[in-house]
Amino acid sequence: MSLESSSGVLKDQKRAEVFVSEVDTGAQLVAGLNSTLEPDEALRVRRKIDRYVMPLMCVLYGIQFMDKLTLGSAAILGIQQAAHLTTNEYNWLGTAFYLGYILFQYPQNLALQRFPVGKWMSINIFIWTVVLASHAACKSFRGLLVVRLLLGVCEGSITAGFLIISSMFYTRTEQTLRVGYWSLMLGTAQIISGFISFGVLHIKTTGFEPWQWLMIITAIMTMILAILFWFLFPDSPTNAWFLTPDERVKAVQRLKENQTGVENKHFKMEQMIEALTDPKTWLFALLSALCNVPSSMLNQQSLILASFGFSYLQTTLLSCIPGVIQILTIFTGVRLAIRRPNSRAYVAAMYFVPAWLGVLLVNLIPWSNQAGLLAGQFLAGFPVPGFVLTLSWLNNVTAGHTKKVVTNATILSAYCVGNAAGPLMWKAQYKPRNHIPWAVIGTCYVACPLLLLVIRAVLVRENRIRDAEPVDDGEEYVIERITEDGKHVEVKVDKEFLDLTDRQNRDFRYVL
């Protein structure tokens with residue numbers, strides 16, 4: 001046999017053991033299998049995966065987002081007065097979270113490759129629970145700055161881990177909907193956070209303020225989840241506790257169409273270099289950064305709504321409405337994307353249009369028009385499906401486990417840059433109309449749909465180039481396996497499980 005050395009697959013069969021250590025983990029289960037997986041059986045296994053994996057993913061994504069929102073909710077619960085925060089210091093606390101996130105994004109992704117994914121995320125959840133509870137003890141800017149940095153460090157493992165888990169358990173077709181499911185919890189978290197804030201605002205205790213109760217309540221919820229995650233969340237379909245040995249094989253067989261395998265615990269330098277030199281990595285990174293500059297509205301939302309003339313009690317309830325909007329837009333967005341093939345860029349771009357109207361309303365209508373200002377603020381939150389679809393799309397167009405890890409780290413680092421830069425533009429001198437921040441947000445809302453269309457054009461061009469290339473000659477690849485009685489045998493392994501990157505595997509086609 002002859003194989004490309006850059007893929008980690010060696011030409012000389014005498015060196016097959018090296019090859020075994022570098023192939024995808026799923027190859028060990030399905031190597032040598034000649035049977036095909038029946039659709040009904042594949043569906044049964046997928047439904048079983050859904051029952052055990054998706055509920056935990058959804059709950060965790062909601063909890064981690066709610067924990068992130070605690071700063072914005074605490075703004076009207078007394079944290080600024082208790083910690084003697086200036087407007088600039090409050091904004092820096094929003095930025096600090098993402099500074100911790102970005103500084104540890106590459107280490108977090110490398111750890112997710114090296115260690116069991118579920119266990120590593122569980123450890124991070126436990127640590128951030130302690131950090132979140134520690135917020136309640138902070139009465140100064142310095143103390144809050146430290147805990148916000150640490151919170152960002154820990155939560156940096158979650159989205160990256162979820163992207164890896166989604167590609168491990170689901171086909172490319174299924175991933176869009178599943179990423180949409182756990183992303184729906186962004187809106188759910190806002191609703192729950194709004195009601196919790198409304199409730200703690202009524203708590204009257206001496207020496208312990210409502211914002212401190214908010215931190216403790218959310219920390220308790222997170223601690224319960226950390227324990228559940230450690231015992232119940234699987235690390236991979238190759239060892240998932242809820243699947244029988246036969247079902248694990250079928251779970252891996254289902255992923256053959258992805259051409260991306262399951263995972264590989266060996267870091268490959270050539271894949272890292274490819275990830276960092278691939279133009280689409282940086283196009284997605286730029287899109288990620290620009291999509292998330294407007295996310296700074298989350299920490300400012302309570303303050304903005306209060307500036308419209310609403311009371312603090314009214315503001316806590318009105319803060320639930322953007323959550324409802326996020327649920328509706330994400331649900332409809334992912335549904336449209338899966339119903340219309342090759343439409344991800346078009347669907348994502350479509351949701352930026354209402355946001356343009358929202359930006360114009362907030363900036364142009366009279367300040368006395370409370371209803372119009374409120375409508376504009378809510379319309380500005382419509383583009384959330386753009387980033388959700390971008391995450392699932394990125395997962396679909398990247399192959400090679402190390403390349404995927406590095407690409408995820410790069411895109412999520414860019415996500416942090418956007419989120420870290422956003423809070424700094426809400427300066428005291430721009431209040432109450434905040435024309436400068438809204439102008440920046442409007443610019444991002446114009447640039448993002450254009451970038452989506454550019455990325456699609458690049459991928460279309462690459463698919464056409466591959467379609468014009470000669471068809472693969474169908475080489476057979478083998479690995480050496482030791483049987484139960486100690487014999488060394490060679491078994492065939494499919495190309496899809498060789499841990500090739502999307503560039504190395506010329507049979508790979510980019511979904512649109």
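Keep in mind that glycine also has a Cβ here, set from the backbone N, Cα and C atoms.
Among the features that TrEMBL reports, transmembrane segment is placed at 120-138 (among others). Residues 60, 64, 67, 70, 83, 108, 111-112, 144, 147, 150-151, 154-155, 157-158, 161, 208, 212-213, 215-216, 218-219, 222-223, 225-226, 229-230, 233 of the same chain sit 6 or more residues outside the transmembrane segment (120-138) yet have a Cβ under 8 Å from a Cβ within it.
Within the chain, the transmembrane segment (145-169) has long-range Cβ neighbours (under 8 A, six or more residues past its boundaries) at 49, 53, 57, 60-61, 64, 67-68, 71, 92-94, 96-105, 108-109, 111-112, 117-118, 120-121, 124-125, 127-128, 131-132, 134-135, 138, 175, 178-179, 182, 236-237, 251, 255, 258, 260, 262-263, 391-392, 394-395, 404-405, 408-409, 412, 415-416. According to TrEMBL, the feature transmembrane segment maps to 145-169 (among others).
The transmembrane segment annotation in TrEMBL covers 181-201 (among others).
Residues or ranges marked as transmembrane segment in TrEMBL: 213-233 (among others).
Marked as transmembrane segment by TrEMBL: 316-338 (among others). For the transmembrane segment (316-338), the list of distant contacts is 73, 76, 173, 176-177, 179-180, 183-184, 186-191, 193-195, 197-198, 201, 301-302, 305, 310, 344, 347-348, 351, 374, 378, 381-382, 384-385, 388-389, 392: same-chain residues at least six beyond its ends, Cβ to Cβ under 8 Å.
What TrEMBL lists as transmembrane segment is 345-365 (among others). Only residues 6 or more beyond the boundaries of the transmembrane segment (345-365), in the same chain, are considered here, and those with a CB under 8 A from a CB of the stretch are 329, 333, 336-337, 372-373, 375-386, 389-390, 393, 433, 435, 438-439, 441-442, 445-446, 448-449, 452-453, 455-456, 512.
Through the fold, the transmembrane segment (371-394) approaches residues 159, 163, 166, 175-176, 178-180, 183, 186-187, 284, 287-288, 291-292, 294, 297, 301, 304-305, 308, 318, 321-322, 325-326, 329-330, 332-334, 337, 344-345, 347-349, 351-352, 354-355, 357-363, 365, 407-408, 411, 415, 441, 445, 448-449, 452, 511 of its own chain, all at least 6 residues removed from its boundaries and within a Cβ separation under 8 Å. The transmembrane segment annotation in TrEMBL covers 371-394 (among others).
Remote same-chain residues near the transmembrane segment (406-426) are listed as 87, 91-92, 94-95, 97-99, 101-102, 105-106, 108-110, 152, 156, 159-160, 163-164, 271-272, 275-276, 278, 281-282, 284-286, 288-297, 299-300, 387, 391, 394, 398, 434, 436-437, 440 (criterion: CB distance under 8 Å, separation of at least six residues from the stretch ends). Residues or ranges marked as transmembrane segment by TrEMBL: 406-426 (among others).
Per TrEMBL, the feature transmembrane segment maps to 438-459 (among others).
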